[in-house]
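Colleague: Just dropping this structure here.
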Amino acid sequence: MHDWLNNLPKAELHLHLEGSLEPELMFRLAERNKIALPWNDVEALRSAYNFGNLQEFLDLYYAGADVLRTEQDFYDLTWAYLQKCEEQNVVHTEPFFDPQTHTDRGVPFEAALNGISAALADGRELLGISSGLILSFLRHLPEEEAFKTLEQALPYRNAFFAVGLDSSEVGHPPSKFQRVFDKARGEGLLTVAHAGEEGPPEYIWQALDLLKVSRIDHGVRAAEDPKLIARLIEEQIPLTVCPLSNTKLKVFADMRQHNILDLLEQGVKVTVNSDDPAYFGGYVTENFVALHESLGMTEAQARRLAQNSLDARLAY
């Protein structure tokens, strides 16, 4: 079943480039940039990946991102991810890029964006993988910071097609970012947002009604609100679900408790994604395999999930 799932053509719609930074590459970049890491070796770093919640993960994620300094670093990061896409027959990807993670520590916006864009262009030309980049705002920072990031990005408007919202969800509702999302839409950008991962169903309503999103990232807590589920089905709003991430961050205590197949059978347009694969133990194929092994996902269900991901693409 692993090979069959691996060969299934699919799209990935929920992937943080910084979260695909494998320990080996992190150490290589640290050496290149003469940065001392707080771990002695790759194995020590891997054992640090045993975090228990979103905040513990984010602390590690931001520490790891510190090795990304130059345009070449961002190219290498993105290219490594695209090679993994090729291995797993991910034919289209719409990754997130968090500029604030880098500009706040002095990395020039254009260095990061140019490196990522060059790799995505090579992915299209050399690997045949289509893509579109999503500029994502960090929700634990003020909306004013998101406005600054959008202003920085607009001269490079053709490099990305949408804006998103990620980072610590609890206490940072989508409503906090309504004005900056209005401005982004005014510039012709599409919108997506993380909602209903650790936050309540109300955050999903806000993302739909205030941020006018085309897609909900995560969204698994929608299951707690029957009216919301009915709306997601009626409007066929895609959810970019990340099963291994959800269990690693204890959104579900165990994969056997995950609700993605229940949502699928109800008619919700759910998709399978890897989120931060270097940290959560698997890329898209490993997420499909986990659903098969823990939930008994059938070939027919896998086909529907893969087709959903292709249908839910926003970048063409």
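Just so you know, glycine gets a Cβ as well, placed from its N, Cα and C.
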Colleague: Looking at Swiss-Prot, HIS14, HIS16, ASP275 are annotated for Zn(2+). Which of HIS92, HIS194, HIS292 sits in that same site?
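Modeller: Only hit among HIS92, HIS194, HIS292 in Swiss-Prot's Zn(2+) site, alongside HIS14, HIS16, ASP275: HIS194.
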Colleague: In the three-state scheme derived from DSSP, which category covers HIS14 (Zn(2+) binding site)?
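Modeller: The residue in question, HIS14 (Zn(2+) binding site), is coil (DSSP, three-state).
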Colleague: Taking the Cβ of HIS16 (Zn(2+) binding site) as the centre, count every other Cβ atom within 10 Å, in any protein chain shown.
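Modeller: I count 27 other Cβ atoms within 10 Å of it.
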Colleague: Measuring Cα to Cα, how far is ASP276 (substrate binding site) from HIS16 (Zn(2+) binding site) in Å?
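Modeller: So the alpha carbons of ASP276 (substrate binding site) and HIS16 (Zn(2+) binding site) sit roughly 6 Å from each other.
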Colleague: List, in sequence order, those recorded positions among HIS14, HIS16, HIS218, ASP275 whose Cα sits within 10 Å of the Cα of GLU197 (active site, proton donor).
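Modeller: Cα filter at 10 Å returns HIS218.
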